[in-house]
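Below: the structure, in structure tokens.
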Amino acid sequence: MNRIIKKAKTLKGEITPPPDKSISHRAVMFASLAKGQSRIKNFLWAKDPLSSLNAMKSLGVEITITDSKEIIVNGKGLHSLKESDNVIDCGNSGTTIRLLSGIVAGQRFLTVLTGDDSLRYRPMKRIINPLSLMGANIMGRAENKFPPIVIKGGFLKGISYEMPIASAQVKSAILLAGLYAKGETTLTEPHKSRDHTEKMLKNMGVNIIINDNTVKLSPVDHELNCFDITIPNDFSSAAFFIAGACLVPDSEILIKQVNLNETRTGFIEVLKNMGATIEIFNITEQGGEPVGDIFAKSSSELKGINVQGDIIPKLIDEFPILCVVATQAEGKTVIKDAKDLRAKESDRIKAMTSELKKMGVKIKEFEDGVEIEGPCKLIGTEVYSYKDHRIAMALSIAGVIAEGETTIKDANCVDISFPEFYSLLEMLQK
């Protein structure tokens with residue numbers, strides 16, 4: 001499905017973004033490993049988290065959904081999973097296939113994991129190597145590069161592992177395998193990635209010690225606690241509307257009850273450094289995470305800056321929309337140390353370079369990032385989403401500041417994380 005975007009005169013209103021995708025995945029997976037009944041409210045009913053929910057059902061977990069869309073997971077404990085009688089399809093979800101690999105690495109049965117056309121070309125060596133070191137028998141296609149992957153779990157041992165890249169998915173896979181391992185599991189990242197897994201496992205009674213970029217998980221000799229959680233709303237989804245408010249003249253948007261985990265909010269820090277007007281208030285706690293309301297409004301003078309180093313993992317999902325913001329900033333914006341973006345749902349560095357060039361942007365591509373010279377007058381044209389939800393939404397925000405009409409090809413990929421995106425965008429223009 002294609003979507004035509006027209007230039008917006010203003011964006012005004014109040015929105016509630018969808019529930020957090022990362023926490024939705026983890027809630028349904030971790031509840032499946034706990035002993036007892038867990039209740040999950042405000043789950044993200046989108047394709048990616050549903051891949052995780054259906055995967056756990058395939059492994060024998062009893063999951064029911066109430067009329068009010070609350071999920072009830074009857075967990076039978078760490079060692080209660082059963083071998084699936086079929087290949088488990090993880091859809092488009094890298095989170096599902098990587099976290100699930102860590103879980104089934106500790107099971108004494110065979111599991112085969114695959115996904116859609118995009119997922120079958122996502123790199124898997126980054127989890128296959130450490131899980132193999134822990135004792136799992138695990139193989140992937142094309143010399144362990146890609147899915148499908150076959151895992152014969154068994155007796156695991158804890159390892160001390162230096163991660164070559166900062167990745168919450170890889171970190172989580174190893175920590176989940178560590179739940180089944182004999183001995184301590186220690187991980188060190190080059191930069192700190194999002195920490196939802198550590199927070200949630202701690203709340204379930206797992207002994208986890210965090211020291212800067214190092215996480216240490218002690219052997220688990222008891223069942224994990226079940227839990228009730230109301231999932232906060234997704235910062236990465238809110239980011240598109242934060243950017244829209246900053247870029248479209250005479251705009252004001254209030255975004256309600258957003259997850260403000262410090263490992264996720266680098267985008268706000270960068271936008272403020274560029275001169276954006278953004279306020280955060282009504283901060284409380286929900287689901288073990290800080291949440292609050294975000295108010296963003298038009299920013300008349302943005303300036304280009306350098307974005308690199310420790311902040312990159314804190315805005316890794318916001319790279320596409322940050323590129324769009326940079327097109328309207330005075331001077332050069334340079335984004336570096338983001339090579340892992342080449343292995344997301346699409347090659348996001350290549351995709352944003354290609355599509356923004358079509359819209360008239362001065363953009364240079366590096367191996368690990370981009371340089372954008374602004375401000376640029378964007379020209380509406382036909383652009384391609386690469387079937388990547390974050391590319392589609394970023395280009396849609398580019399469309400609302402471009403002259404003429406912008407056509408987003410394969411725009412329905414937004415259903416992966418944010419099915420209501422276009423209806424909210426239209427509502428803010430009325």
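Cβ from N, Cα, C; glycine included.
Annotation comment: Swiss-Prot describes D317 as active site, proton acceptor. Using a 10 Å Cβ-Cβ cutoff, D317 (active site, proton acceptor) registers 26 neighbours.
For R390 (phosphoenolpyruvate binding site), the same-chain residues 6+ apart in sequence whose C-beta sits under 8 angstroms from its C-beta are S236, D317, F319, P320, I321, K344, E345, R348, S417. Look at Swiss-Prot and you will find K21, G94, R122, Q169, R348, R390 tagged as phosphoenolpyruvate binding site.
Secondary structure at D317 (active site, proton acceptor), taken from DSSP and collapsed to helix, strand or coil, is helix. Feature annotation from Swiss-Prot assigns 3-phosphoshikimate binding site to K21, S22, R26, S167, Q169, D317, K344.
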DSSP three-state assignment (helix, strand or coil) for Q169 (phosphoenolpyruvate binding site): helix
Max CA-CA distance, Å, over listed 3-phosphoshikimate-binding residues K21, S22, R26, S167, Q169, D317, K344: 19
Cβ-based isolation winner (fewest other Cβ atoms within 10 Å) among the binding-site residues K21, R122, R348: R122
